[in-house]
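The compositional bias 'Acidic residues' annotation in TrEMBL covers 615-634. Sequence annotations record features per position, and here TrEMBL assigns domain 'EML-like first beta-propeller' to 53-307, 719-979, 1404-1667. If you look up TrEMBL, you'll see 328-592, 998-1264, 1687-1829, 1839-1931 marked as domain 'EML-like second beta-propeller'. Under the heading region 'Disordered', TrEMBL lists 606-634. Residues annotated as repeat 'WD' in TrEMBL: 250-265, 330-354, 896-926, 1693-1721.
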Amino acid sequence: MADRTAPNCHLRLEWVYGYRGHQCRNNLYYTAAKEIVYFVAGVGVVYNTREHKQKFYLGHNDDIISLALHPERVLVATGQVGKEPYICVWDSYTVQTVSILKDVHTHGIACLAFDLEGQCLVSVGLDSKNTICVWDWRRGKVLAAAPGHTDRIFDISWDLYQPNKLVSCGVKHIKFWSLCGNALTPKRGVFGKTGDLQTILCLACAKDEVTYSGALNGDIYVWKGVNLMRSIQGAHGSGIFSMNACEEGFATGGRDGCVRLWDLNFKPITVIDLRETDQGYKGLSVRSVCWRGDHILVGTQDSEIFEVVVHDRNKPFLIMQGHCEGELWALAVHPTKPLAMTGSDDRSVRIWSLIDHALIARCNMEEPIRCAAVSTDGIHLALGMKDGSFTVLRVRDMTEVVHIKDRKEAIHELKYSPDGAHLAVGSNENSVDIYGVVQRYKKVGECIGSNSFITHMDWSTDSKHLQTNDGSGRRLFYRMPSGKEVTNKEELKLVQWASWTCVLGPEVNGIWPKYSDINDINSVDANFNNQVLVTADDYGLVKLMRYPCIRKGAKFKKYLGHSAHITNVRWSHDYQWVITIGGADHSVFQWKFIPERKSKEALHIAPQETLADSNSEESDSDQSDVPEMDSEIEQETQLTYRRQVYKEDLPQLKEQCKEKHRATAMKKKDRAPGNGIKLHFIHGYRGYDCRSNLFYTQTGEIVYHVAAVGVVYNRQQNTQRFYMGHDDDILCLAIHPLKDYVATGQVGRDSPVHIWDTETLKPMSVLKGFHQLGVCALDFSADGKRLASVGLDDNHTIVLWDWRKGEKLSAMRGSKDKIFVVKTNPYLPDKLITAGVKHMKFWHKAGGGLIGRKGNMGKTETMMCAVYGWSEEMVFSGTCTGDICIWRDMFLMKTVKAHDGPVFSMHALEKGFVTGGKDGIVALWDDTFERCLKTYAIKRAVLAPGSKGLLLEDNPSIRAISLGHGHILVGTKNGEILEVDKSGPITLLVQGHMEGEVWGLATHPHLPLCATVSDDKTLRIWDLSPSHCMLAVRKLRKGGRCCCFSPDGKALAVGLNDGSFLIVNADTLEDLVSFHHRKDIISDIRFSPGAGKYLAVASGDSFVDIYNVMSSKRVGVCKGCLNYITHLDWDKRGKLLQVNTAAKEQFFFEAPRGKRQTIPATEVEKIDWSTWTCVLGPSVEGVWPVITEVTEVTSACLSNDRRVLATGDDLGYIKLFRYPVKGKYAKFKRYVAHSTHVTNVRWTHDDSLLVTVGGGDMCLMIWAHEPEGLREFKLCDSEESDVESEDDGGYDSDVTRENEINYTIKALSTNMRPMTGVKPHLQLKEPSIDERPPVSRALPQPEKLQTNNVGKKKRPIEDLVLELVFGYRGNDCRNNVHYLNEGADVIYHTASVGIVLNLTTSCQSFYTEHSDDILCLTINQHPKFPNVVATGQVATSPSIHVWDAMTKQTLSVLRCFHSGGVCSVSFSATGRLLLSVGLDPEHTVTIWKWQEGAKVASRIGHTQRIFVAEFRPDSDTHFVSVGIKHVRFWTLAGRALLSKKGVLSSLEDARMQTMLSVAFGANNLTFTGTISGDVCVWKEHILVRIVAKAHTGPVFTMYTTLRDGLIVTGGKERPSKEGGALKLWDQELKRCRAFRLETGQIIDCVRSVCRGKGKILVGTRNAEIIEVGEKNAACNILVNGHMDGPIWGLGTHPSRDVFLSAAEDGTVRLWDIPEKKMLNKVNLGHPAHTINYSPEGDMVAIGMKNGEFIILLVVSLKIWGKKRDRRSPIQDIRFSPNSRYLAVGSTECAVDFYDLTLGPQLNRINCCRDIPSFVMQMDFSADSSYIQIPFHALPGHIHSVLGDEVVGIWSRNADKADVTCACVSHSGLNIVTGDDFGMVKLFDFPCPEKFAKHKRFMGHSAHLMNIRFTNGDHFVVSAGGDDRSLFVWRCVHTPH
């Protein structure tokens, strides 16, 4: 029997020949120790040139492609390729991993760079977006990530002179990035006219914002800021691949083979042309340079490394060589010398010395080489070529002997015979040719048995036979030299093979995995002396196995290093080394072979070797010596804990179902019941599949878990307290070293870990987001700061947490097999161990990852428990065979036999250990496991008298052990918790059922007792009174599912699973009678009421048998049911039975004969039922939930006073309903404690307790019943019903609009006006002369543009500066006006601009960094952060900006996942946290540490819109969110957000309304304003009072004043004597004072309030901001704006800086720019569409949307005349330049002319028709006689956007959005345009070129409606569509 373990010898990587120069750059550096660091294949190499030694970093598992050196030059970061690539930061001195960065990039990591301090690392991915990611690499944490560019990025660098700035470059781009918060914001480099837009390959940053970059054409581009400043032409002949900055200057290297050195100002110093040097050659290309002092390192494309000494630069040293690009396949070893020969597709053959680690000869051939062989005497070297020829060279001088070409296809294998006489050559033409060496290689034979290409060959020792392998997996034998095939098996038995390199054959069966038919093993070579075999495969693994290995799937040791396929492997002639060659990585690896005797001494070798040397997991042979698995462990490893439905999925399911049931949901429903229940006691402990989950707390209480509850048990008082934060099975529990906090992990799709306080039972932190399916092991670190957890996913992921912050520190896949235990090292918190099925692993933390190594234990055992000993390297583990393994570091020192059967639990003491096993024995040991000091057997005999219950069996399997308070605490598999006194007696404290579902439950008719029966084959009687113990137990021969007490309580009937039932004495549990009439399970059993004369027995085969109890005879059978019977009930008289079946049928039978009755539903209700446990029928219709597909109601029970129905369901919920429960989806109270299905619920005889049993959790839970009226508000009180009632407190148009508004995202905006025709820049050229419009404004006639400043020198405008904004976003945003600086300034927003208005000077200043509309604004009220403002915007991936209101400096940008936009922001009490709410469909709520830009926590908020979320003003962890039918009270615990719905049931008739605003009072009071005008007052999360009609309309806004606690509310209300829309309240919202806003509106609608010193600031729906004095109630309007947009019309005064605007809101407003205010407004009653001043400025014409037009006199704004000749909107209206005519253009495709001199009756004098499309804008010619009408028109002195002079204003993406308006300056030198993206653009005029250059100005939302120059070109006024705002821009003229 061959030994099937892995071999004991091993390999150690000794040398790597090669350097990766292809497809990589900047990957070669000097370290601080003057060593050279680079990489090749998957290995990081540190090469010491002085000692000629290499060290290797082996932490990657695929090709490394990028490298960066830390500024201190000791640490190195390397990035790899792969599906889930990672970055390793490692120490170049020890070659150990320092940190692993993972989980962000895909495909690969293209570039890396450290910043100046070395704190941050930036990486660029190879994914389609070329993601850029900034890491805090020590913690393995992502600080920021952003898509880099659409095309490849080649280089990235930190700006070493400015903090938080980076530069990246690549295909046709360079980008300058700034890092702020968690956002990376790019600005593209502007190439301008200085240079061509081209690919930039490398860059270096210098002082003063200067960046040098190397371009593809060999120029160096010099950037200042983002602009190209100059270029250094022809620095290199072609592409510059590498640029390296050092103290003295810069070095660049290019494709032309030159290295150039430059000084710090980039003046050339010198050039080194490597092509001209001794070692140079034509085509040399430099990929990497590093200049340090007087040495320069150069890496080339062809895998050489040169070192150049600067003063002797003509003689570079070649310090490393390798094969160039092309696959490397050929390998041969010299038969007598330590030489290896390789040949590659680069056509070179090279000879390497294995002793000197150097290349000693190289020769270039004509063809790519595919295989090589050396003759036995070492004289000839034969090379097989890709073209089918082969060449023989003399080894001595590499001269050719012969060149023979007999084949056309590649030669893949050739070998000399051992006697040196023949050469066998195998080709891809399926044949082997035999040549005679002495006959000058004449062909002497041919083997043609194969039908596929030849892959491997071996000669026999006597040179008479040859074996071959071919591509089809056949192994053939031939007689030599003739080449005749041998088929005779007998002849072959005697053959001895000289070498073994074949992959097929019995001797090497074991190299193939068990069940694979893949041929991915490329090469093997056997070492006959040491009986080992080495193999090379497609996955880059070198494996070492025993030879021969006969059984498939042999054990092996594996070595990584090559990244992809290894093409060949050979032993050296003396078996000292193994040589492997990589195909794609074309590198040669030399491994030292360390035989067995040496490996013993090698235990002290550097740990990196043990890292690679794993007794691999993949090997999967059936080891004969693997012990049998213990049945218990077997069971446990098979548990998956998967659920059909996770509770997390319920909200989504509910939503889906609600849609279906909308109609029923509308009905008014009864309230939930007033009474509640509270968990009182649980019988049960989870021991059957959990271990080490039982501990003493600080105060000596006992903490453990069962079902979904954490239990704290007080053994003195026999009471329990509960942690109810989990919603599914808890699987593990760990206690903090101080014994006050506990961590518990549960089952779930995204399973959380809760850390909670055992005193207060409040969660301290909840850790989510990493484990799937469940958490199976936990452990705190010794300092209590960290927590390790293990998940139940397939990889058993291990996560290390900083639990208080809720941050994941590191994570790693644990193992494929189940992990049972994790323990952190008490001395070194960065180390931990995991143990489980067939493994024990030792881990240490490295950045964001963990590095694990398997313990070396010879045969692999399953470990059940482990602890650390008295020093950091000692570990003790208990196995499944009863041994204790003692480990030192990772090595097994010895084993000690401790128990019979598995050791399930162990605990370390100060001086020794205690262990517990399946044998039911507790053993105490000394501190080295030398002696067992004492054993305690758990037996009934030693049970102390004070025990709360009975021990079910002797020596139960022990699952948990812990010590404290002089006792040993023991948990058993049978669900018992025992306390063992040191002196021996044992006390039973708590017990429950054992494994197996519990279904049967009955309560005693007049005593506080209950009986349960379970699948664990026991019947138990429990005392429900204060003693809470099990009184009696009886073992049954079968499990049971139901039981029932007789009405006198003396007998107890039990139904069993085999169809029998028995009646036992209720006290002694002895049999009275038993029957066995059925085969199927007995599902329910019931005594008839009264005397208990009859017994009804329901069975699974759908019959109910009725027995006469006295005569013990069956008297009747109820037939007619079609399905399994689930429930039975008798009526009071004992005459009628009600039956429910599993098919949801309800039947009635008459007793005792069992005749079926049909009773109408109306009658059923009148029947007096003795009990009600059925779940069907009209009186319980409402108990079925909305999602019936998922949850079954399993049981119900009506209280004896007939008021409350309790139900249990499949999801573990217990619900209370008011009885009768009529109407679907009734309201209820819901309680969760059971984890899976609740199988039964029963009230006790006096309704004081409710008893429930759980199926899967085997618990018996006792709930105290709290009748109505008695209870204080208990926090465990339940949530409300599934379906909210639809009435949400009324309807309000403003609320509806705000809820339904779809915020347009600018970048996606579309045309506002309907258009037809072809856009001008897409139109074909000029129409011919005849088709021209009457007046051509072709270029030579600019003087036709009448200007007002004829005499002045004209100056073009070079820039626009935002001067004023008229507008405030009040109609759909709230809480967005605030005081700053003690009331001196006011801050608000409109469009995408944040505005700070100084009240004394009326000056505005602007924050303009947002890219789209701002939706919310808040200020930080903490004194440490004065004037800090946060604003959130609309966007597909929006950002929140935190900025300083005074300096407008951006402090942080938070990129968030709230797709759609951010609708609410709020700072916490300390000002450090920021809360944001999204407009995404989930309405996500997120908390940020805004200074770091780090996301703390995030959670789905609500299914419908959330309007506001605010932190409590005194808290950093509590906040409240309000929205559509929603108010939620949130707590931040660590990184998790926990929330409670507001509970309304405390007040009669309170209903959930839409909540709009929130404010806070002392003592945890919260006030929420509703849509109906009421204000709700909440204490904690319970409604305590309603302030009815605080306003008559919706309460839109509330403000809590921090200084005095007064509250301001604002709402929608008609002004009256008593009330106004603004009120000031006291702290409790009891008294108020109302203010009237003197705005003249019929209804005031306040959207924002803020209170300063004696003043209240109000923002209204009508876009006004008003300041109200508290004392005198005086109103002062600070800001005016149009309330509804778009602003269609805009007219500027011909001579003054005033202008008019007309908008959809029906007003025309007159604005004064110098005064910065609105002068006047007129309400026209209809939306106005266009507006125009007469040339003198004394009249104004206004065109209306309804086709009317009006002429006003400017001075008085009185109407001079009006007329309506058209029905459709007026698009443009114009006075002629001589004020005589008025032209009116409408959408009816016509222009009407009126003569104004005829007086105000306005008769039409003319009309132009036949205009092909509707009129949009018109321009008169200067002499008033012609008019030009651009039709298919777009929006004008020249306002037109069409015509040759303005082709250039159309942008490239004009198919998406149009230029909507344009205006030429009075000087005629500029034109400004507005478009649908909300951009204002400034062009030179005329601009006939397409896509003309321009400047852009952002600020407006989507759709600009109009734009005009004011007189004298002082200002440009732009009018917005969506934002209802007017922007005034100051024109900056070019200086003379």
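Using N, Cα and C of the backbone, Cβ positions are placed for all residues, glycine too.
Predicted automatically and left uncurated, TrEMBL annotations should be read as such.
Within the repeat 'WD' (896-926), the DSSP-based counts of helix, strand and coil residues read 0 helix, 20 strand, 11 coil. For the domain 'EML-like first beta-propeller' (719-979), the neighbouring stretch richest in Cβ pairs under 8 Å, chosen from 53-307, 328-592, 998-1264, 1404-1667, is 53-307. For the repeat 'WD' (1693-1721), the residues of the chain that approach it from at least six positions outside its boundaries are 1348, 1363-1364, 1366, 1402-1404, 1680, 1682-1687, 1727-1731, 1733, 1735-1737, 1740, 1742, 1745, 1752, 1757, 1908, 1910-1911, 1914-1915, 1917, 1919, 1924, 1926, 1928, judged by C-beta separation under 8 angstroms. Take the domain 'EML-like first beta-propeller' (53-307) and the stretches 328-592, 998-1264, 1404-1667: counting Cβ pairs under 8 Å, 1404-1667 has the most. Averaged across the domain 'EML-like second beta-propeller' (328-592), the predicted model reaches a pLDDT of 86.
DSSP assignment over the repeat 'WD' (1693-1721) gives 0 helix, 16 strand, 13 coil. Taking DSSP states H, G and I as helix and E and B as strand, the repeat 'WD' (330-354) has 0 helix, 16 strand, 9 coil. Helix, strand and coil counts from DSSP across the repeat 'WD' (250-265) read 0 helix, 10 strand, 6 coil.
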